[in-house]
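Colleague: Have a look at this one.
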């Protein structure tokens, strides 16, 4: 590695201890095509001296063939790994890179800028705490800038750094920078992004990325790296109530029965009264078990196994919550924003598999309430959602599930839709709220029969649809 830590050479155990105790920041870079996203990541790694010497040699060699800049080294090649990306000078897939500084660990997701790769960007943004939105100083706020900002807001990212890139091409003009800042802030009034920072940079030359530049003396703010190291993300989760989606029931012998999962929010202690949802059965936490031994407390992000004082029926897909805290919704129906990811359009009425925090259940899209144009943010009616389109949909499940709004808790408010024939992921969703369900008294006898039939199929033949059942009955008769 070009950068050698004295601590690594002197005391490897102390280095590992410090590294383990650093907090983690996940962020994405997004913006219009050729705004310099991959170059910026390469510059962050290069100027932080976090590139291996063999990597640097390989980039120098590849730059002679694929260089898209006037520099000796094209730093974008550190991230653009696919051959098609290098040949076209664009990003297609989401590329992840990992690095750390003295203050924090980072995971970067370099997302594609093209509209046809909206699903790729949604994937990268779904786990991020912060977004860097690049704007070309020569072009200003573009349609793709608005689209990416909308997706960032939709996916609950609360921190945005707007990096006005290529300032060297406009002679570091303060007027250009101020105009872009004001235009973006006017647009962002319609979005739910509470924390926005601006920084003028040149990713190609490294100005204001890791080190300050004297070329823009009018800018007295922090560098991009300083903002990344100091942004506060510990209070981002609005939900403080305990949520443990059960991923696995561990029963190695007759004397042990534990419920495994990663805590989505809140904290739990031995002795806490808990409720299993959707059944509503109550018990108390007997022990918090981990590989390193029992714990006196476990919090969000920790993978644990809980044992309970009572033998109650809990299965994979159920959710454990504390009895004295706010509970999630338990319902068969909710509204959610869906991002279409499959080649075939999403259509109301078709049976899909739904995966919510480890729970798999079948159901359907009851209605598409509206489709949102990600470029203009205008809503319009729609009968289907094609690849990369986003819409607000009403979902109806065949059995009840526990969930929160995505804004309150990502872990219990997100879902994916699965094609039941190919098992491919056809959409990702963010739950908005529980929708109004029809009461049983308001349903017709035929609708009640369909509900009970769906429940029986889900219980005994989970891969079979009503149409398949009807076809089999016709064949046998």
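For all residues, glycine too, the Cβ spot is worked out from N, Cα and C.
Here Swiss-Prot flags 31-38, 110-114, 165-168 as GTP binding site, drawing on sequence analysis. Under the heading domain 'tr-type G', Swiss-Prot lists 22-239. The region 'G1' feature in Swiss-Prot is assigned to 31-38. Here Swiss-Prot flags 89-93 as region 'G2', drawing on similarity to another entry. Feature annotation from Swiss-Prot assigns region 'G3' to 110-113; the stated evidence is similarity to another entry. Positions annotated as region 'G4' by Swiss-Prot, on the basis of similarity to another entry: 165-168.
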Colleague: Taking 10 A as the limit, how many CB atoms besides its own sit near the CB of residue 31 (GTP binding site)?
Modeller: 25
Colleague: What is the three-state DSSP composition of the region 'G1' (31-38), stated as helix, strand and coil residue counts?
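Modeller: Secondary-structure breakdown of the region 'G1' (31-38): 2 helix, 1 strand, 5 coil.
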Colleague: Can you work out the mean pLDDT of the predicted model over the region 'G2' (89-93)?
Modeller: 47
Colleague: So how many other Cβ atoms are close to residue 37 (GTP binding site), meaning within 10 Å of its Cβ?
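Modeller: Taking all protein chains shown, residue 37 (GTP binding site) has 31 Cβ neighbours within 10 Å.
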